[in-house]
């Protein structure tokens with residue numbers, strides 16, 4: 001069964017809304033791990049809208065499971081990753097005007113650049129995951145650049161408004177997952193997953209880890225982080 005990476009970006013979003021010192025994402029990560037999180041995920045954006053450099057530095061020192069650093073494939077971010085050495089990096093697309101990551105990374109269209117970044121990071125013993133749509137060409141390109149992982153973008157599945165569309169998107173993810181595993185990639189997934197839609201994705205053969213943030217932090221506002229994480233672990237198990 002898939003494991004759970006808890007994205008704590010939105011703890012930082014609340015903090016940055018008032019430009020203050022609380023709530024602290026580092027404390028949130030501790031509570032998430034106490035609740036059963038298998039990993040902690042943060043996205044250090046170029047505009048620093050939520051997670052800050054200080055957060056990543058402290059999380060590297062305090063996280064006891066594993067730290068997944070989401071970032072754009074820029075020279076600045078590569079330098080930060082090489083300095084901090086997270087347990088792995090997930091390369092994601094990034095636009096300043098977006099509210100959240102809107103789609104998968106286009107590996108096909110920038111294969112030389114992505115290949116260069118993957119090589120730099122993995123030569124420093126930092127495994128790389130690529131956040132992509134479950135399209136055959138993108139999966140093939142991920143193999144070519146020698147990434148260790150892909151993270152399948154589950155946004156269209158999560159946003160499906162009827163059961164027929166949802167099943168079509170789930171089948172698309174299942175096919176992509178199978179293709180990737182056959183090609184030697186390890187497979188994670190994330191984006192838009194909630195307590196109510198997570199199980200079918202978690203149950204896909206070979207699915208390793210689900211990176212989930214907003215729905216957990218939303219639930220945590222009502223019941224606390226530890227309980228919110230425990231409930232998501234139950235949802236992943238289909239309980």
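Even glycines carry a Cβ here, placed using N, Cα and C.
What you see is a predicted model, and the numbers here were worked out from it, not measured in a lab.
If you look up Swiss-Prot, you'll see 7, 18, 192, 213, 214 marked as 3-amino-2-oxopropyl phosphate binding site, on the strength of sequence analysis. Reduced to three states, the DSSP call for residue 7 (3-amino-2-oxopropyl phosphate binding site) is strand.
The number of other CB atoms found within 10 A of the CB of residue 9 (1-deoxy-D-xylulose 5-phosphate binding site), across every protein chain shown, is 21. The annotation 1-deoxy-D-xylulose 5-phosphate binding site is assigned in Swiss-Prot to 9, 10, 45, 50, 100.
In the three-state DSSP scheme, residue 43 (active site, proton acceptor) falls into the strand class. Over all protein chains present, the Cβ of residue 43 (active site, proton acceptor) has 24 other Cβ atoms lying within 10 Å. As annotated by Swiss-Prot, active site, proton acceptor applies to 43 (among others), with the evidence given as sequence analysis.
Residue 70 (active site, proton acceptor): 25 other CB atoms within 10 A of its CB, across all protein chains. Annotation comment: Swiss-Prot describes 70 (among others) as active site, proton acceptor, evidence class sequence analysis.
If you look up Swiss-Prot, you'll see 151 marked as site 'Transition state stabilizer'. For residue 151 (site 'Transition state stabilizer'), the same-chain residues 6+ apart in sequence whose C-beta sits under 8 angstroms from its C-beta are 90, 129, 130, 131, 132, 187, 188, 189, 190, 211. Residue 151 (site 'Transition state stabilizer') falls within a strand when secondary structure is assigned with DSSP.
Summarising the annotation, Swiss-Prot assigns active site, proton donor to 191 and lists sequence analysis as the type of evidence. When Cβ atoms from all protein chains are considered, those within 10 Å of residue 191 (active site, proton donor) total 26, not counting its own.
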Worksheet item: What is the total of other Cβ atoms whose distance to the Cβ of residue 10 (1-deoxy-D-xylulose 5-phosphate binding site) is within 10 Å?
Response: 22
Worksheet, complete the sentence: Judged by other C-beta atoms within 10 Å of its C-beta, the most isolated of the binding-site residues 18, 45, 50, 214 is 18
Response to the item:
Around the Cβ of residue 213 (3-amino-2-oxopropyl phosphate binding site), other Cβ atoms within 10 Å, all chains included, total 22
Worksheet entry | Within 10 angstroms of residue 9 (1-deoxy-D-xylulose 5-phosphate binding site), Cα basis - binding-site residues out of 18, 192, 214 | 214
Worksheet item: Name the residues of the same chain, 6+ apart in sequence, whose Cβ is under 8 Å from the Cβ of residue 192 (3-amino-2-oxopropyl phosphate binding site)?
Response: 154, 155, 157, 158, 159, 214
